[in-house]
Every structure is written in structure tokens, then in C-alpha cells.
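Quick look at what Swiss-Prot lists:
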type	residues	note
DOMAIN	2-160	domain 'Obg'
DOMAIN	161-326	domain 'OBG-type G'
BINDING	167-174, 192-196, 213-216, 280-283, 307-309	GTP binding site
BINDING	Ser174, Thr194	Mg(2+) binding site
Amino acid sequence: MYNFKDSVNITVVSGNGGSGCVSFLREKFNAKGGPDGGNGGSGGSVIFKVRENLSTLSFYKNGHVLCAENGKPGMGFKRSGANGKDLTLFVPPNTEVYNENDGTLLYRLKNLNDEFVVLKGGRGGLGNWNFKTSVRRVPRFAQPGESGNSLSVRLELFLVADIGLVGLPNAGKSSLLNRITSAKSRVANYPFTTKIPHLGMLRRSYDDLIIADIPGIIKGASFGVGLGTKFLKHIAKTKILALVIDISEANFLESYNILLNELKSYSHKLFNKKKIIIANKLDLDGSEKNFDCLIKALGKEKVVGISIYENRGIDELIKEFFILAKTF
């Protein structure tokens with residue numbers, strides 16, 4: 001699993017145009033031939049393009065300067081210089097390109113093969129043969145190539161998932177993601193094992209669901225405590241919230257209320273999303289009793305009890321995920 005980056009700042013530079021050539025035709029039987037300097041090639045452009053198999057911006061590093069190729073100068077015999085190669089920068093779907101200087105949204109790259117030319121390369125200069133006239137038969141000058149441009153941009157990737165697994169640290173979100181998808185999210189028995197969102201694909205027949213394991217939320221996250229609001233904005237992009245509760249803990253109801261309060265504090269729109277509550281760790285002592293209490297306390301809320309260790313309730317949960325997804 002690559003490191004997840006939700007935003008990165010880079011500078012892109014388009015290529016300079018090649019200079020026009022000053023040249024005169026010199027042949028065995030034509031010692032004083034006319035001007036024949038060719039045009040310079042165009043500089044390469046900078047293009048952002050969506051690639052299907054990318055899911056993060058981790059390929060790019062903050063502060064990187066990425067340059068397209070310069071055009072080549074013109075040559076004699078009216079030969080044009082080669083154009084500089086375009087610089088194509090591949091990004092995942094749902095990447096937004098901003099002007100870093102003023103924050104303007106330049107383009108939103110959503111779908112496979114979407115592309116955006118952020119900077120065009122400089123034009124090549126004209127060779128001296130272009131400047132020959134009836135009164136100026138021997139032009140001893142040519143145009144320089146047009147300079148390329150540079151731009152500092154911010155790339156932002158919005159994590160888009162059908163279902164977001166939301167819970168306090170160590171609630172079992174990563175283990176659940178690993179169980180129901182082919183993801184390999186890190187699992188350990190200490191808080192904040194998941195420090196970046198992980199995505200997994202849940203497949204069933206002809207249906208696919210993208211499941212996101214969001215880093216653990218703690219009290220005050222909506223105000224920047226813990227991993228803060230950095231990933232709450234990604235939760236806002238998911239269609240359905242799956243609140244994962246460690247049902248073996250004595251304070252399971254408090255955990256549930258903390259999650260709701262943080263979602264509500266961040267935005268009412270987020271709080272009002274469709275939800276399913278997952279009571280995890282039913283295999284541990286006292287969990288069954290707590291599970292019954294949770295169902296009574298939540299009333300009409302949809303609650304599914306599971307044990308990842310015993311593979312219990314997993315099929316029912318997957319079924320509920322697909323049922324909820326079809327309501328959109």
C-alpha cells in the first residue's frame with residue numbers, strides 16, 4: 001500500500017521554443033544561394049492526465065519542479081527543429097488542480113483519460129528564410145524561440161468511496177477492511193495504526209463497492225485534535241458511513257456518541273448521511289450483553305454484530321452494504 005497523500009504542491013514548467021536558424025544555401029553551382037534557415041521546434045506542453053491504476057498522489061513530492069522538453073533549433077535547408085516532448089503527469093481520478101498562488105481551481109480531473117493542458121510550450125522561432133523579401137534578399141537574423149512558462153500548482157485528491165469505515169482507534173476497522181476486501185491495511189494493538197486512508201474493493205457477482213478505512217477519530221477531531229480534520233473531509237465524500245464500535249468495551253455507548261458528535265461538529269451534511277452501525281468483537285467476554293444493550297439504546301438504527309476473529313456476521317454485513325448502496 002502506497003503512502004496516501006491528499007494534496008501536494010509542485011511547480012511545472014513548459015518547454016522553450018527552439019530558435020530559428022540563420023543559414024544560407026551553399027551548393028557547388030550556387031555559391032550565393034538564398035536564406036534557408038529553418039524554424040525552431042515548439043516547446044513541450046505540460047499535461048495532467050487521469051490513469052486508471054493510480055489511487056494516490058504519493059508519486060509526487062512537495063517542492064518538485066517538473067519540466068517539459070525544450071524545442072530544438074532550426075537547421076539549414078529549411079529544416080525545422082524537433083518539437084520538445086510534452087510532459088504528461090498522471091494522476092488518479094478525482095484529482096483537482098489549483099493555482100497555488102491564488103487558490104483558483106484550474107481543472108477537475110474526474111474520469112479515466114480526462115486530461116488538461118495546464119501550460120502550453122513556447123512557439124519555435126522563425127528561421128531567416130521567412131524574412132526574405134524583394135528588398136531584403138539576405139536576412140541575417142532569425143526569431144528566437146518563445147520562452148515556456150512556469151506555474152506552481154496544488155494537486156488535491158478527494159478520496160471517493162461507497163462506504164467509509166469510521167470509528168475510534170482500535171475499533172477493528174482495518175481488520176474488517178482486510179477481511180472483506182483484498183486490501184492490506186496495517187493492523188496492530190495500539191492506537192492510530194491507520195494514519196492514512198486505505199481503500200479496498202468489495203466484489204460480489206457483477207457489483208463492486210469501494211470501502212475506505214479512515215484513520216481513527218477521537219474526541220475533538222473536528223477541532224483538529226489527534227489526526228484532526230485532515231481526513232474528515234474524505235469521510236464527507238463517502239456515500240455511506242459505517243460506524244465501527246468495539247462492543248467489548250464498557251464505554252461502548254460513549255464511543256458511539258463521540259463519533260456522532262464529531263461528525264455533527266464537522267458538518268450537519270456529514271452527520272445526516274446514511275449510516276450503519278457495526279458492533280465488532282462479539283467473540284470477547286461481555287460483548288453479547290453489550291450488543292443487546294446497544295440495539296435497545298439505538299432503537300430503529302441498523303446495527304449488525306460481527307466477530308472478525310470468528311468470521312461471524314460478516315456475510316450479513318456484506319449483504320447490508322450492498323442493500324444500502326443500491327439506495328443511491
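The backbone N, Cα and C atoms fix where each Cβ goes, and this holds for glycine too.
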Notebook entry, point to check: Where does Ser174 (Mg(2+) binding site) sit by DSSP, helix, strand or coil?
Noted result: helix
Notebook entry, point to check: What is the average pLDDT across the domain 'Obg' (2-160)?
Noted result: 92
Item checked: Length of the line joining the Cα atoms of Gly167 (GTP binding site) and Ser174 (Mg(2+) binding site), in Å -> 10
Next item on the list: Specify the count of other C-beta atoms within 10 Å of the C-beta of Gly167 (GTP binding site).
Entry: 26
Notebook entry, point to check: In the structure shown, which of the binding-site residues Lys173, Ser174 has the fewest Cβ neighbours within 10 Å?
Noted result: Ser174
Next item on the list: May I ask for the distance between Pro215 (GTP binding site) and Ser174 (Mg(2+) binding site), taken between their Cα atoms and rounded to an integer number of Å?
Entry: 9
Margin query: What does the structure give for the C-alpha distance between Ser307 (GTP binding site) and Ser174 (Mg(2+) binding site)? Integer Å is fine.
Written below: 13
